[in-house]
């Protein structure tokens, strides 16, 4: 009965998502065994897993509001009115999040970057790409306890819980494939790449090409908000409260005792049970911010916060000084390359005015172009270094051109630098103490050199196809490409908002994800992982599964 009541409430109330007997007015007065801050993919997974035993009372707090239709989300174009779908549910509306107003992303008072602030976090606004990292990522870059053999059970649990597929349309047809065919001629026939099933052959990221995998279900956007969260909502010991921003973690020395929460301007203290834990899952930009505002971080930053009365009166003697908080921030440096071919037919997604037949096909059977988020192919390789290390490279090709190149025969190639890059930045607080990134891209010149070398190498195979690059000459030298990708433009801004690595394992948190210097405060999200060879979402979910396993052993 509680689950049925909650389902009704979801459609009626903003700020309440529950399936537990905890009443809306009592969540601030209940003593919780686990308080998870942030209902992004990692926060949802760790909260769900820790509630499975039924013996721990778990509170999941989210600053944003509803997103998917099942969470009460109602942000939708006119052609979805009368359905139970929000814009989040329709994969083909992914690209439209970057233009026009939305309540799904964080506002300028929350973070100086483009990230998700709603139930599901950035998994509610990204493309839903679901690529398993290669074994070598864990074995090369992660500490003891996080090697591939350690996380393999977590990977298996993720696959068992989270649906995914390379064919997302319910009629089992792959749509808008002209760009895939052209790219295959270029990279497989011309450059010697192998066409593989991406996640089946996940260990191999050397010269491989294939169809993207998406974490969708039944032709709609999936993710932990659809899989893990819906199961957790049936448990009487689990409660999710949205519309709640956490200002800081309360602590006595090294022991967290609760959080200070702001729900629509009402400030409350939410307390832990005697053996409880606070888990911060706010994302790679906001998790370090919350640590800093809880008196944990670089002492120079803490001094600024204290002078502005942002530490709640916490004396300097109680600070936990750790310059690793917010350090090492990573994002994939990105270059857009516009490609044209007479054999390519572009497809542009629109928010308000989809092609009527395509809208009808999606609404009737969850099929057609709107059943996927525009990415039609993906490929990887590595650039080796003389010292035996290597830098990972990833390319994805979408269905349409970008900025100044948007003819009907144009598609966009994104080239990312991934694992093994040497550049990283810092999470900084601006004059208003809002977090944001600083100095993330190309602080080490080796990274740009590697990306330029990779682009030059694949351009050498272009004659095997009829694809022609439009914004970089096909015959450009490595030096010319290097100059292009390091010169700011609409195609070389770099930022793809795959923020990670700002509170890394072994530096900011220990191998159990416990904040160094604390006994019962954890960070579980993209902050703790090393940069992956692939898009980070799959790896972040694996990290959450592994962290939940380790934290459960501590409780």
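Residue numbering: from 1, along the chain as shown.
Just so you know, glycine gets a Cβ as well, placed from its N, Cα and C.
Bear in mind that the values here come from a model prediction, so they are computed numbers and not experimental data.
According to TrEMBL, the features are:
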| type | residues | note |
| --- | --- | --- |
| BINDING | 246, 536, 537 | FAD binding site |
| DOMAIN | 116-139 | domain 'Glucose-methanol-choline oxidoreductase N-terminal' |
| DOMAIN | 283-297 | domain 'Glucose-methanol-choline oxidoreductase N-terminal' |
| SIGNAL | 1-19 | signal peptide |
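For residue 536 (FAD binding site), applying a Cβ distance below 8 Å and a minimum sequence separation of six or more within one chain yields 498, 500, 526, 529.
Within the model, the domain 'Glucose-methanol-choline oxidoreductase N-terminal' (283-297) shows a mean pLDDT value of 98, rounded to a whole number. Residue 537 (FAD binding site) counts 24 other C-beta atoms within 10 Å of its own C-beta, drawing on all protein chains shown. For the FAD site, whose binding residues are given in the record as 246, 536, 537, the maximum C-alpha distance rounds to 25 Å. Cβ neighbour count for residue 246 (FAD binding site) (all protein chains, 10 Å cutoff from its Cβ): 24.
Residue 537 (FAD binding site) carries a helical DSSP state (H, G or I). Per DSSP, the domain 'Glucose-methanol-choline oxidoreductase N-terminal' (116-139) is made up of 9 helix, 3 strand, 12 coil. A strand conformation is recorded for residue 246 (FAD binding site) in the three-state DSSP classification. Residue counts of the domain 'Glucose-methanol-choline oxidoreductase N-terminal' (283-297) by helix, strand and coil are 7 helix, 2 strand, 6 coil (DSSP-based).
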